[in-house]
Amino acid sequence: MPKNSKVVKRDLDDEVIESVKDLLSNEDSAEDAFKKSELIVDVQDEKDVEDGAEVDDERPAWNSKLQYILAQVGFSVGLGNVWRFPYLCQKNGGGAYLLPYLILLLVIGIPLFFLELSVGQRIRRGSIGVWNYISPKLGGIGFASCVVCYFVALYYNVIIGWTLFYFSQSFQQPLPWDQCPLVKNASHTFIEPECEKSSATTYYWYREALDISSSISESGGLNWKMTVCLLAAWIMVCLAMIKGIQSSGKIMYFSSLFPYVVLICFLIRALLLNGSIDGIRHMFTPKLEMMLEPKVWREAATQVFFALGLGFGGVIAFSSYNKRDNNCHFDAVLVSFINFFTSILATLVVFAVLGFKANIINEKCITQNSEMIIKFLRMGNISQDMIPHHINLSAVTAEDYHLVYDVIQKVKEEEFAVLHLSSCQIEDELNKAVQGTGLAFIAFTEAMTHFPASPFWSVMFFLMLINLGLGSMFGTIEGIITPIVDTFKVRKEILTVFCCLLAFCIGLIFVQRSGNYFVTMFDDYSATLPLLIVVILENIAVSFVYGIDKFIEDLKDMLGFAPSRYYYYMWKYISPLMLLTLLIASIVNMGLSPPGYSAWIEEKASEEFLSYPTWGMAVCFSLMALAILPVPVVFIIRRCNLIDDSSGNLASVTYKRGRVLKEPVNLEGDDASLIHGKIASEMSSPNFGKNIYRKQSGSPTLDTAPNGRYGIGYLMADMPDMPESDL
């Protein structure tokens with residue numbers, strides 16, 4: 001056919017499909033500008049082969065480096081930093097826990113965080129596109145990340161809904177959970193028995209906020225207050241995410257920075273309270289012998305793993321909007337240590353406040369027991385000679401009470417148990433481990449009722465939790481939206497609204513009266529093991545399938561310097577070994593721990609451990625299976641060629657103007673267009689209009705494009721049967 005034929009001209013002006021793997025592997029390292037270029041085709045009225053939608057010339061980008069760092073910090077720093085890290089620190093040796101945590105942060109945390117940042121920035125796609133590119137057979141990793149993200153988003157936003165409820169109730173003086181409610185009947189008024197057996201804050205949480213049922217099998221219907229709060233939480237997330245990073249990025253300035261303002265204010269205020277130093281001293285008193293226990297290292301590794309948001313896809317999604325030459329190694333180290341020091345700051349705040357609360361409870365204990373001793377003195381059960389003359393039991397100090405207690409215990413050794421006196425040690429109260437919702441909605445709220453201007457501090461505390469939760473939710477939703485938009489070419493606005501609406505509808509199971517038990521179920525079973533498996537596969541895919549040496553070269557090409565050899569050994573040997581050990585330990589721990597939940601029993605006014613019913617066990621294992629199911633499904637489909645790769649299936653990893661496309665059925669002829677590079681700084685390459693560079697028929701050597709380099713598409717034009725490179 002003549003070269004000036006209109007049909008040929010039309011074909012030559014049509015979209016050029018190019019394998020990204022081959023594109024990146026054939027880059028000439030001599031020209032930095034080309035390495036930073038984006039894939040665009042210099043044609044007009046170009047349409048997507050999938051749906052005919054017009055393609056944007058460029059991928060969206062962060063407005064500034066600060067905005068990006070705040071987004072990553074907002075995603076990684078979440079509710080777990082405030083209500084799980086302090087609990088683990090207290091439970092696992094106090095200050096001694098920080099050493100295992102820091103070691104595992106260097107061995108697992110930073111290397112894997114750097115790996116996810118690198119692949120996202122290098123390939124500039126969400127999790128689905130990234131792992132399709134690294135290894136099509138392991139492309140299910142990206143889909144598994146999306147499924148896990150969605151499971152986590154379902155219950156995580158319920159917690160934000162709870163926080164919104166408490167925030168709305170904090171504008172009252174006194175706070176509604178300050179005192180137990182009174183019940184009136186025909187004859188007299190009395191304190192609510194359930195509240196009297198527990199405490200005002202515990203009663204308010206279980207009965208007023210959750211109105212909880214006695215077991216997971218008793219639905220009890222919807223809690224309308226929490227349903228409204230859940231709807232409000234999803235509306236906030238939807239509005240913030242509907243425009244992608246253009247909308248969520250601006251909100252990050254507030255949602256990521258405000259929690260630090262509140263934490264610092266809380267720390268200053270708490271340090272001025274009586275007993276706060278006792279809490280901090282207790283917190284950081286190291287119990288070095290506990291470092292030898294394997295459980296401490298397992299829990300530290302799990303906390304490192306979840307604190308940085310590894311495996312969710314949010315880290316990859318955020319980094320995919322960076323420029324190709326961004327120093328993601330610096331970002332990985334910076335964000336990881338910001339996360340660590342945020343956990344330390346939150347721990348200081350939590351234990352300063354808990355020390356104040358423990359001091360108040362201890363004073364009440366001393367007062368009550370001193371009154372009992374006075375009563376025993378009047379009854380003659382205790383001789384007045386036992387009490388030192390300088391001690392006044394009507395206004396006794398903690399030191400004097402402990403002196404009296406020790407004397408009575410020694411003298412009345414055989415009869416002491418009958419007296420039912422308590423030692424009233426502040427350490428006993430501080431040793432009561434509280435985590436999660438128990439810390440935020442019971443222990444912390446009780447402490448704040450004793451603060452001067454308690455409504456103000458309550459408003460600030462729950463506003464901080466809302467911001468921490470939203471920052472993590474933005475990253476979680478981005479881990480779902482970005483890969484789906486990149487892969488399936490749907491409109492981001494429509495997909496965001498659909499995801500949020502569907503999540504709210506499914507989330508109604510969490511705002512039943514039994515909803516808290518489902519939150520526990522999803523938290524225990526939908527994320528832990530699936531995420532561990534996802535991250536192990538990510539590490540294996542990069543280190544052993546793609547090739548660690550090739551990946552290091554890619555990083556050198558992208559960053560402009562070779563990363564430390566330390567990462568080579570971490571990625572290839574240490575991190576996979578540690579992750580596999582953690583996976584085995586988690587499976588063993590799950591097998592040894594009976595599946596169940598803590599149910600609130602109204603008659604006893606206390607929690608009681610209950611096993612899941614048969615259907616509940618089935619749901620638990622279904623959650624784990626569904627989360628990891630995409631990995632074997634995609635592997636089998638692509639390994640056995642159950643779907644034709646040329647028919648536009650998910651295995652196609654092709655780019656046009658920086659977008660993933662489906663592979664067309666065939667490319668007729670041997671004509672192809674050279675892809676013109678556009679520099680990330682928006683400096684244009686030499687413009688040759690609509691010239692098409694092609695290999696001359698019968699030419700023994702390759703012609704070069706006018707810019708002196710061999711065009712990638714030009715090189716591929718003479719190899720129509722060459723299969724897409726499969727690592």
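Along the chain as shown, residues are numbered 1 onward.
The backbone N, Cα and C atoms fix where each Cβ goes, and this holds for glycine too.
Taken straight from TrEMBL:
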type	residues	note
BINDING	GLY74, VAL77, ASN81, ASN339, LEU468, SER472	Na(+) binding site
TRANSMEM	68-86	transmembrane segment
TRANSMEM	98-119	transmembrane segment
TRANSMEM	140-167	transmembrane segment
TRANSMEM	224-245	transmembrane segment
TRANSMEM	257-280	transmembrane segment
TRANSMEM	300-321	transmembrane segment
TRANSMEM	333-354	transmembrane segment
TRANSMEM	456-481	transmembrane segment
TRANSMEM	493-511	transmembrane segment
TRANSMEM	531-552	transmembrane segment
TRANSMEM	573-592	transmembrane segment
TRANSMEM	612-637	transmembrane segment
Stretch with greatest number of CB pairs under 8 Å, the transmembrane segment (224-245) reference, 68-86, 140-167, 456-481 candidates: 140-167
Distal contacts, the transmembrane segment (98-119) - CB-CB under 8 A, six or more residues away: 89, 92, 130, 134, 291, 296-297, 300-301, 303-305, 307-308, 310, 315-316, 319, 328-329, 331-333, 335-336, 340, 344, 535, 538-539, 542, 551, 554-555, 558, 563, 567, 570-571, 574-575, 578-579, 582
Region pair the transmembrane segment (68-86) / the transmembrane segment (333-354), three or more CB pairs under 8 Å: yes
Cβ-based contact of the transmembrane segment (300-321) with the transmembrane segment (573-592), 3 or more pairs under 8 Å: yes
Selection from 140-167, 333-354, 493-511, 531-552, 573-592, the stretch that has most Cβ pairs under 8 A to the transmembrane segment (456-481): 140-167
Ranked first among 140-167, 493-511, 573-592 for CB pairs under 8 angstroms with the transmembrane segment (531-552): 573-592
Other C-beta atoms that fall within 10 angstroms of the C-beta of GLY74 (Na(+) binding site): 27
Residues from the same chain, set at least six apart from the ends of the transmembrane segment (140-167), whose C-beta lies under 8 A from its own: 79, 126-132, 209, 225-226, 229-230, 232-234, 237, 311-314, 437, 440-441, 445, 458-459, 462-463, 465-466, 469-470, 472-473, 476-477, 479-480, 483-484, 499, 503, 506-507, 510-511, 515, 518-519, 522-523, 526-527, 530-531, 533-534, 537-538, 541, 623, 626-635
Within-chain partners of the transmembrane segment (493-511) [C-beta distance under 8 Å, separation at least 6 from its ends]: 150, 153-155, 157-158, 161, 222-223, 226-227, 230-231, 234-235, 237-238, 241-243, 477, 480-481, 484-485, 518-519
Listed binding-site residues (ASN81, ASN339, SER472), ranked by Cβ neighbours within 10 Å, top entry: SER472
